Amino acid sequence: MRIFLVGMMGSGKTTLGRQLATQLGYTFVDLDEYIERREGKSIAQLFEQEGQEQFRLKERQALEAVVQEYDQAVIATGGGAPCFLDNMQFINRSGKSFFLDVPVEELVNRLLNSDLSVRPLLAGKSTEELNHFMTKTLSERLWFYRQAHYTLSGNIQTSEALLTLINYI
Ligand SMILES: Nc1ncnc2c1ncn2[C@@H]1O[C@H](COP(=O)(O)OP(=O)(O)OP(=O)(O)O)[C@@H](O)[C@H]1O
Ligand SMILES: O=C(O)C1=C[C@@H](O)[C@@H](O)[C@H](O)C1
Ligand SMILES: [Mg+2]
């Protein structure tokens with residue numbers, strides 16, 4: 001079985017995905033890291049050198065490659081991945097999907113405590129700009145994220161989220 005985690009930057013896909021994979025004995029794949037390895041460039045470099053449109057094409061190719069490569073895996077998708085091309089349909093056809101629906105205020109808190117420079121869409125933003133960007137982007141993306149098979153809502157601790165997810169699987 002393939003398990004896909006979708007949601008905004010800071011929603012905990014990488015953190016939760018890694019732990020879930022360990023618990024299930026599945027391979028963990030972080031789509032951003034997979035792209036970085038395939039391309040030999042960081043996500044920030046890809047955005048800077050090739051632009052977002054080209055990145056989204058590479059992201060789709062990587063998604064297809066991951067599905068080809070792994071039958072039993074927990075896959076943390078990139079924050080934007082489900083919202084371009086027909087990626088969300090492809091995800092839903094390829095496994096079970098979970099939307100980590102974390103309130104914007106909490107996303108902003110978490111992101112302010114992390115390294116913004118590795119996230120090219122957020123790099124250099126002030127707290128106010130970050131708030132505005134995250135609110136606007138979430139409202140544009142909700143339609144896609146809500147197509148996930150399951151939703152985990154709220155600011156919940158990773159350990160609790162893990163238990164809930166395992167119950168759904
Ligand atoms: N349940 C949680 N409660 C509190 N903080 C969390 C939780 N999950 C993750 N974090 C923290 O929030 C930050 C972002 O988490 P993470 O990198 O897992 O998000 P992501 O969804 O993979 O983001 P991106 O789309 O940018 O890769 C990290 O600093 C992480 O430690
Ligand atoms: O939300 C987004 O559009 C992104 C999220 C990250 O996972 C990376 O894929 C990249 O920084 C873009
Ligand atoms: Mg991540």
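Residue numbers in this text run from 1 along the chain shown.
The backbone N, Cα and C atoms fix where each Cβ goes, and this holds for glycine too.
Marked as ATP binding site by TrEMBL: Gly10, Ser11, Gly12, Lys13, Thr14, Thr15, Arg119. In three-state terms derived from DSSP, Thr15 (ATP binding site) belongs to a helical segment. Taking Cβ-Cβ distances under 8 Å and a sequence separation of 6 or more, the neighbours of Thr15 (ATP binding site) in its chain are Thr158.
Long-range Cβ neighbours of Thr14 (ATP binding site) (same chain, at least 6 residues apart, Cβ-Cβ under 8 Å): Asp30, Asp32, Ala76. Here TrEMBL flags Thr14 as Mg(2+) binding site.
Annotated substrate binding site per TrEMBL: Asp32, Arg56, Gly79, Arg141, in sequence order. Residue density at Asp32 (substrate binding site): 21 other Cβ atoms are found within 10 A of its Cβ, drawing on all protein chains shown.
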Subject >> Which listed residue (Lys13, Arg56, Arg141) has most other Cβ within 10 Å, given these are binding-site residues >> reply: Lys13
Subject >> Residues among the binding-site residues Gly10, Gly12, Lys13, Thr14, Gly79 that border ligand 3 - Cβ under 6 angstroms, in sequence order >> reply: Lys13, Thr14
Original post:
Between Gly10 (ATP binding site) and Gly79 (substrate binding site), what C-alpha distance do you get in Å?
Top reply: 8
Subject >> Of the binding-site residues listed as Arg56, Gly79, Arg141, the one whose CA lies nearest the CA of Arg119 (ATP binding site) >> reply: Gly79
Subject >> Residues close to ATP site centre defined by Gly10, Ser11, Gly12, Lys13, Thr14, Thr15, Arg119, Cβ within 8 Å >> reply: Gly7, Met8, Met9, Leu16, Ala76, Gly79, Leu100, Arg110
